[in-house]
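Below is one structure; the comments refer to it alone.
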Amino acid sequence: MPWFSEVIDECNNEQGWTPLLWAATKKHMTIVKTLIEHGATPLKAKGDGMNIMHVAASSNDIHVLDYVINLVKNQESTPKDFIDIQNTDGWTPAHLASFMGNFDSLSLLIDHGADLVNKKHAHKMSCVDEIVRNDNADLLECVYPFVHQSLQKRNIREVGSFSLLHLAAGNNGSKSLKYLLESNGEYVNQICNEQDRATPLHFAILANNYDNARLLLKHQANANARDSQGNTPMHFAVAAKNLSMVRMLDDYGANATIKNNDGYCPIDVSVTEDLRDIKMHFVAQQKYKNFDFTGIGLASAAEVTDENFEQPKANKGRSSSYYR
């Protein structure tokens, strides 16, 4: 159809869809081939930067995806990093395959060199981040061997950065967190970055994810770790008015008299904010017997020593530095 060559890349609709992209959306391999053979531009994108590779990856159409990759990879006009081509929001085909949990498409993209770690979209998430964010532990297990070494080179000096373990800890689910802890031995007390210094346990508490917090504590997370503002996980649990989390942290050796950089400990917060249930919980704990609960207990906090803190069974035998 030579007469069609002049309009074969026509995209005058509102979103910029070409005939080729429509065919790819419907998984019509024969039509895709016919259009390309008659002059359709393989990687022509619509208005949001999505091209045929994005469409095929998101629908897990490995036939169209494989055909297009092999067609364009040796063409002079094809960018060297075409496999990681981004749409206007920074999403690569591998991002979409990761987000959708499309193993076949992602595997094909990996075979052709897709970057799962360093290429990030507008929300600063990599492909493997999207896998963890969706708590797809099965897909994470498949790709982890390909990304492990790159993840070890993570720059903790980068402002706002965090590890996979932090992301998994602050997630809604627990499957990816469990995989990272139990199958790969990720360091449970690693900091997110040098500026914030929060641990995965801080992230779990901030997300109000009781199961993830418990899982981290069972794997020897430091219940008294301090972030750059001096806040411990207990500070966040009290601020969130989460009595269940407060109780669990106390069971794992948390010290609610540790002050943050502003000079306030979690018990102070419970008193000044009149969090009665949490305050009564602290009052009932033998280890806080010397704390002045009549007001802000800054003067009496120093009287509570490590001797008041019995190590939980799971942590007995650990050095006393665990509580500092």
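Numbering starts at 1 and runs along the chain as it is shown here.
Each residue, glycine too, has its Cβ placed from N, Cα and C.
A Cβ distance under 8 Å defines the sequence-distant neighbours of the repeat 'ANK' (15-40), meaning residues of its chain 6+ beyond its ends; these are 1-2, 4-5, 8-9, 46-48, 50-52, 55-56, 59, 61, 63-64, 67-68, 71. The repeat 'ANK' annotation in TrEMBL covers 15-40 (among others).
As annotated by TrEMBL, repeat 'ANK' applies to 89-121 (among others). Within the chain, the repeat 'ANK' (89-121) has long-range Cβ neighbours (under 8 A, six or more residues past its boundaries) at 48-49, 53-54, 56-62, 65-66, 69, 73, 83, 127-131, 134, 136, 139, 142-143, 146-147, 150-151.
The repeat 'ANK' annotation in TrEMBL covers 196-228 (among others). Summarising model confidence by region, the repeat 'ANK' (196-228) averages a pLDDT of 98.
As annotated by TrEMBL, repeat 'ANK' applies to 229-261 (among others).
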Spatial neighbours of the repeat 'ANK' (196-228) far in sequence, C-beta under 8 Å, 6+ residues away: 160, 162-163, 165-172, 174, 177-178, 181-182, 188-190, 234, 236-237, 240, 242, 244-245, 248-249, 252-255, 258, 260, 314-315, 318, 322-324
